[in-house]
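Reading through the structure tokens given below for one structure.
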Amino acid sequence: MMWFVWADIAGTLIQELRDVQAKITGHSEHIVSCADMKEKRLRSRFLITSTGALYIKDVQNEDGLYNYRCITRHRYTGETRQSNSARLFVSDPANSAPSILDGFDHRKAMAGQRVELPCKALGHPEPDYRWLKDNMPLELSGRFQKTVTGLLIEHTRPSDSGSYVCEVSNRYGTAKVIGHLYVKQPLKATISPRKVKSSVGSQVSLSCSVTGSEDQELSWYRNGEILNPGKNVRITGINHENLIMDHMVRSDGGAYQCFVRKDKLSAQDYVQVVLEDGTPKIISAFSEKVVSPAEPVSLMCNVKGTPLPTITWTLDDDPILKGGGHRISQMITSEGNVVSYLNISSSQVRDGGVYRCTANNSAGVVLYQARINVRGPASIRPMKNITAIAGRDTYIHCRVIGYPYYSIKWYKNSNLLPFNHRQVAFENNGTLKLSDVQKEVDEGEYTCNVLVQPQLSTSQSVHVTVKEAVCCSAYHRKKKHVIGLVI
């Protein structure tokens with residue numbers, strides 16, 4: 001590698017040192033390195049630039065008695081290398097037009113760094129220097145400073161990019177250096193939103209914006225593991241900058257990272273995704289009550305959950321729709337709860353029964369129910385026949401309207417229930433539970449009898465059909481049985 005060193009006599013650059021082969025003898029060797037700058041004499045007359053050029057001020061005759069070498073040291077390994085030696089020939093100055101000794105074609109820098117644009121000319125008298133940026137005179141102040149070797153720009157900005165011209169002139173002529181500076185933004189990745197608190201079952205969307213590059217390679221990681229598109233994971237955008245995850249489960253919480261790579265540069269950002277149990281919860285709700293005909297009724301369900309739950313209402317298992325005698329309204333509180341109201345302006349006997357509010361979101365479902373009794377003659381709503389599955393539990397509801405009544409009892413083939421441990425009758429709400437249904441015992445007709453007055457009752461019947469569970473073919477049932485025997 002050849003190194004060039006320029007000398008300055010009486011402040012004027014006059015001579016370019018030429019490479020001198022090692023066979024030249026008769027001269028001592030002077031090695032100029034950064035360590036030598038500690039010496040006062042060298043510190044005042046010798047200047048080493050960031051590009052490795054050596055400038056000598058106030059050249060003296062004795063400077064021509066030495067050979068000069070450039071020594072480099074690897075910043076990580078400490079390995080050193082040195083160039084061939086060079087000679088400095090000192091002569092008297094002669095009038096001449098400027099000729100460029102050191103210039104540049106282009107320079108690249110990262111924003112925030114300092115950059116030197118070299119411009120040094122040989123000529124006598126000493127030339128004047130003028131700098132232009134994009135054909136406009138450049139004000140040399142603040143971040144822009146003229147130095148012995150050229151132009152120094154501190155804390156570069158992308159706006160510093162452009163074409164730079166260094167015009168050199170004296171009475172005998174002119175010369176110029178034309179080069180281009182490109183200041184690049186550091187590669188940076190930023191994930192938004194910065195804080196993510198969601199719930200199990202919800203959707204989470206993250207976006208990674210990148211500055212400093214337009215065609216970078218972008219990857220997403222969760223807890224150190226790379227994320228690829230899948231059933232619940234979508235990665236969209238021209239550069240894969242958007243991450244969308246549906247139906248989050250508890251294990252999906254953690255640190256999410258956006259890694260960006262461009263050539264030898266890389267950047268990353270991360271956010272913590274916190275998943276809470278967003279299953280709907282009933283905060284407060286209506287209670288069982290007795291009202292008189294024409295009396296207004298207002299029922300309320302206050303529910304929390306993430307995402308916001310959807311609340312629906314039923315009366316004796318039949319959906320309640322807006323309109324008619326029922327009015328449904330909803331509001332969201334400052335705490336983020338959903339409050340739903342069901343209002344009856346003038347209640348009637350048919351409005352009595354079991355009211356249920358059901359809150360549902362992607363994390364789960366919760367329900368609450370209570371009975372509202374409207375005074376009037378007691379009766380039973382018509383019941384539909386039921387098909388039960390053998391081996392499972394089933395419920396039969398006796399929906400009573402009117403109030404008061406004395407009791408609700410269930411019968412099967414004139415036998416009062418329960419008559420075995422698998423049968424449970426809830427007299428308070430008229431529900432009959434059959435556990436582990438068996439076809440031979442549980443299939444048949446069931447009668448709900450409501451005692452309206454001491455000597456007056458009303459009843460409704462329902463037929464229960466029991467079907468065997470069909471899970472597989474006879475071959476698979478046989479195979480399953482054989483495997484069980486082997487085990």
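Using N, Cα and C of the backbone, Cβ positions are placed for all residues, glycine too.
Quick look at what TrEMBL lists:
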DOMAIN    98-178  domain 'Ig-like'
DOMAIN    186-274  domain 'Ig-like'
DOMAIN    280-373  domain 'Ig-like'
DOMAIN    377-465  domain 'Ig-like'
Could you tell me how many residues in the domain 'Ig-like' (98-178) are helical, how many are strand and how many are coil under DSSP?
-> 3 helix, 49 strand, 29 coil
Averaged over the domain 'Ig-like' (280-373), what pLDDT does the prediction give?
-> 92
Checked against DSSP, the composition of the domain 'Ig-like' (186-274) is 3 helix, 52 strand, 34 coil
